[in-house]
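One structure below.
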Amino acid sequence: MLSKSGLTRFLNRAQAAVGVVGVVDVLLADDATLKRLNRDFRGKNKSTDVLSFPSSTVDEGGDAAFAGDIAISLETAGRQADLFEHALRDEVRILLVHGLLHLSGMDHETDDGEMAVREGELRVALRLPVSLIERVMVGGKGRATGKGKGNRKRAPSGVITKEATTKAKVEARAGKKAAQKKVGK
């Protein structure tokens, strides 16, 4: 069973384990919303399970005030939970960890397996049934590297259900970041 308070507690634990500093907002949405976000910000006209939108916002003290947004399709998460025979709650947790790793700057498409190794370590530490990357990797099991940023001071994060104002907030943040990239800021 999914509960906002349970997911928020897990998000805070996972955020500490990954080393992401700052507020992370999570949008739990449907396939149509993830498809639109994926098309608008990645140029891929298809739905996906999880998207991450890192932020470069830093407060005056030098700490990250806002780490970014994670958007998760509950429809896709449900199908994947059924396919891999675990609870929807576990699938959403797997996707949260994957999204947090992206917010930390990791990218499995370009990092020669570093994110896969770290995701595997976190899967064990956070007692998850399987990691997202492990499910799609052919062979290859990473060994623990001991790398990580450790626990740092962070602001509380929250899980947000699908609402029009929340979608607008995610899109505005992601749009601002995309606009900054286009003008080279």
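Glycine too: its Cβ is placed from the backbone N, Cα and C atoms.
Database features, via TrEMBL:
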BINDING   His98, His102, His108  Zn(2+) binding site
REGION    141-185  region 'Disordered'
COMPBIAS  144-155  compositional bias 'Basic residues'
COMPBIAS  164-174  compositional bias 'Basic and acidic residues'
COMPBIAS  175-185  compositional bias 'Basic residues'
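Distribution of TrEMBL features across the structure.
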residue: His98; record: Zn(2+) binding site; Cβ neighbours (10 Å): 22
residue: His102; record: Zn(2+) binding site; Cβ neighbours (10 Å): 20
residue: His108; record: Zn(2+) binding site; Cβ neighbours (10 Å): 19
